[in-house]
Amino acid sequence: MKETPKKVLVIGSGPIKIAEAAEFDYSGSQALKALKEEGIETVLVNSNVATVQTSKKFADKLYMLPVVWWAVEKVIEKERPDGIMIGFGGQTALNVSVDLHKKGVLQKYGVKVLGTQIDGIEKALSREKFRETMIENNLPVPPSLSARSEEEAIKNAKIVGYPVMVRVSFNLGGRGSMVAWTEEDLKKNIRRALSQSYIGEVLIEKYLYHWIELEYEVMRDKKGNSSVIACIENLDPMGVHTGESTVVAPCQTLDNLEYQNMRTYTIEVARSINLIGECNVQFALNPRGYEYYIIETNPRMSRSSALASKATGYPLAYVSAKLALGYELHEVINKVSGRTCACFEPSLDYIVTKIPRWDLSKFENVDQSLATEMMSVGEVMSIGRSFEESLQKAVRMLDIGEPGVVGGKIYEAKMSKVEALKYLKERRPYWFLYVAKAFKEGATIDEVYEVTGISKFFLNKIKGLVDFYETLKILKEIDEETLKLAKKLGFSDEQISKALNKSTQYVRKIRDQSNIIPVVKLIDTLAGEWPSVTNYMYLTYNGTEDDLEFSQGNKLLIVGAGGFRIGVSVEFDWSVVSLMEAASKYFDEVAVLNYNPETVSTDWDIARKLYFDEINVERVLDLIKKEKFRYVATFSGGQIGNSIAKELEENGVRLLGTSGSSVDIAENREKFSKLLDKLGISQPNWVSATSLEEIKKFVNEVGFPVLVRPSYVLSGSSMKIAYSEEELYEYVRRATEISPKYPVVISKYIENAIEAEVDGVSDGNRVLGITLEHVEEAGVHSGDATMSIPFRKLSENSVNKMRENVLSLARELNIKGPFNVQFVVKDNTPHIIELNLRASRSMPFSSKAKGINLINEAMKAIFNGLDFSEDYYEPPSKYWAVKSPQFSWSQLRGTYPFLGPEMKSTGEAASFGVTFYDALLKSWLSSIPNRIPNKNGIALVYGDKNLDYLKDTAVNLVKFGLTVYSISELPLQGIETIDKTKAEELVRAKKVETVVTDGYLKKFDYNIRRTAVDYNIPVILNGRLGYEVSKAFLDYDSLTFFEISEYGGGI
């Protein structure tokens, strides 16, 4: 090392959004650890309250502020760091850092960029500069021309020749990018593409239809030494965003010449941008010959590098941080192996498969086709010793109700070959399920290749699974050898039992009798070729012996959160990591079972033992058989653990904390409602939907609107408010499809009520609780609501009643551990709507707001009891904390933005303040694309709900300095109106600074809302929130920028 900075500022990525997720919690946490090892003081700016890194143990100073240049400048001014790390917070961090550089902030305060410099970042992320840099270095790129206007794009597309790929500079998740087959396609979408570029630039590139896409991950130090860490092969061809693609590592279809040529190009790309640290390089390969092009590079930690790190066992983020400090590769020890230096390139004796997870069914009008823009909200990673085993495991990990590639709902559906091929041509999510269906219905390899462009190598493997499964179906009994082969091909007990028309218990019994059990294998980055010490494992049937001996003692298995989806995100990983740390005081050994490559919990130095494998009853029982775990904890990882808790208990597994039977009562809407009646606790009127006659009778008694609520679901899946009979019957039909095993509950929807929650822990007798109040009225899903601590509008009387209700439930259900209760409060009377006997989505926020870790307290409650004398205790608040949702509307092509009882947000941000409005505005500004409107600009304010709030919002915005229009079809008293057509024109012309609306008005204002989000215009979808934010605008000059401890928060 040449020099060691005394204080380093690390820029986080802010709230989770599509294409920028928990991988930056993992990479940022590793960077902070690497800095701490050097004795360097660390300062972190990140508004993502749900992350592990925004805990005090990672950074010396934590600022929960918007990740924008002017807020970061305030931190630099106060903290005076001498170095800044910008490669661990995604595209958000890079954009902010380029702004800080261009505005002279870094130079003014003498802050040195550590790692790849700004000019290298601009060479990589400006499509024009990247193209020029590649050509200067004789590196192959596709025919292309850049453009900064609609006219230039149309002109250059004619030169390049259709079809063209439109790539967007300084951009996240391919937002705004597209394939244009004709000039008409280009004209229709180019304005949106330019709007989504941070610098207003696009690249018009020749579209390489059905070419293979590959990625290489490379490390490079200051001396130019390089190590290529991984080669990742996309199964989806060019034209599908790599974040949307199913991928495998190592590459399966390259010959040595192809592999080595692209490896050499990768090192040359890193050299051309003077990389210091890590980057990924993406290639297009012609499947019909030795022709390849370099597509792009990301000079930072990325989603791919997180995957590569977990796939290989090579700690990319940690090593990258060390290289940024000036170390050379040979000077850094790979802490996963504990034996080798960072210049050793990993060797794999297994196959990793990554599959994205989509939640598109939650969004109306969304384009379901996979394309150049990323729409998936999470991903899973499986490890196996054959492609078939790895792929089938990954399909189960998706938790979409499919038992593997074959044998599930799609495989057994009434669907012809023609229909299956049509779905494949449309590039629907989870295409491998439709490939299997097409083969089952008689399609050939060539027919499927023609519509998909997927390598025949992979198609043959999937066809082999179909053929094997169809053979299984004609057997009456299964012999030992066939069963062994089925397990090696990745078939679950459930799949095998379905094929044989037997029970899963029957299959498990035969396996036990024949000693057909999985073996535990280590991931050591070296394929066992070098002695190593590692705690990173997976299970496979393609092996004969375990790679380790199992210890005895008091051991705990923690079930992780699995792949992220709407409603399950990084907040549950925070709970898992918190539980790991808290449980280590009570157990000899704590192991984690999880399969999400993005997370901190699946990192090499967090868990004593990490099993990177499936989360289901079969796998947990396999692990208990080997490890003899005394307890299994299912309460920290969200819904996936709760959904298997009861079955685990029925199989003799001891659950840590609250019993599976109590969880079942809380999760089953009908059982829970009956319990509330028994305890005399108020709830909205309800009925179990066992027949349409009962539903009609109930609705005649209580009247519309009513809420349709399925059981055992997360994030309000298929939860809808029905205002008419037609809507009601449609929602009931959907709910029974989502949760067919359980009854649907219809309840009276209480209008104009306050929604509030209690996050807490109990020892079965006493409760530690934290009250959260929603800004939006009841009816907006809690995951999409803006939350305040302490409460503002609730009366003390209402809160005391809520506390009494919570205490009654805790004692009746013998709650031991964490829980969350949701209320609607009308006329000072609280009505319970939901109880979750697990860690909640809001628990990181409530814990950090009050300065008390609820998961730590949960462990105390379980083992020692809560250590206070009161029956119910709520810690005091020193200042204000507000949590805001992050939506990803712009990524979800075509969807209609609106709020309701089904969750739509992908992440959350929080901030602290000396007043409610101080905390609210910083929290709201932390979610993209929210910003302070430019004065003298235009705002649109309209809607059919919360009209008084909308009118007051308009008044506040006028005071702030905006010209405010309502819409003549939905006028607000005293506010100037324009017609809908004029409003649409203003939005398209980018003259509107913000849109505030309320209600479900799709037939009326679809174009206004959709165009606004496509053009990065802030949209507020609730009148009450609009009022509070507009009021906060008026106090913009009094925002505070303190470190979290000064607000009395943080843990």
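Note: Cβ is positioned from N, Cα and C throughout, glycine not excepted.
Record note: Swiss-Prot gives Arg709, Lys748, Ile750, Glu755, Gly779, Val780, His781, Ser782, Gln822 as ATP 2-binding, and the candidate from Glu694, Glu725, Glu796, Glu834 in that site is Glu834.
The ATP 1 site recorded in Swiss-Prot includes Arg167, Gly173, Gly174, Lys206, Leu208, Glu213, Gly239, Val240, His241, Gln282, Glu296, and the single candidate from Arg80, Arg127, Arg357 that the record places there is Arg127.
The residues of the domain 'MGS-like' (930-1051), classed with DSSP into helix (H, G, I), strand (E, B) and coil, number 54 helix, 19 strand, 49 coil. Largest Cα to Cα distance within the recorded ATP 2 binders Arg709, Lys748, Ile750, Glu755, Gly779, Val780, His781, Ser782, Gln822, Glu834: about 18 Å as a whole number.
Residue pair Arg127 (ATP 1 binding site) / Glu296 (Mn(2+) 1 binding site) shows a Cα separation of 8 Å. The Cβ of Glu296 (Mn(2+) 1 binding site) has 20 neighbouring Cβ atoms from other residues within 10 Å, across all protein chains displayed. For the ATP 1 site, whose annotated binding residues are Arg127, Arg167, Gly173, Gly174, Lys206, Leu208, Glu213, Gly239, Val240, His241, Gln282, Glu296, the maximal Cα to Cα separation is 20 Å.
Of all the binding-site residues in the list Gln282, Arg709, Gly779, the shortest Cα-Cα distance to Glu834 (Mg(2+) 3 binding site) is found for Arg709. Within the same chain, the residues at least 6 positions away from Gln282 (ATP 1 binding site) whose Cβ sits under 8 Å from its Cβ are Glu213, Leu214, Glu215, Thr242, Ile294, Ile295, Glu296, Thr297, listed in sequence order. Val240 (ATP 1 binding site) has a Cβ environment of 23 other Cβ atoms inside 10 Å. Secondary structure from DSSP puts His781 (ATP 2 binding site) in coil.
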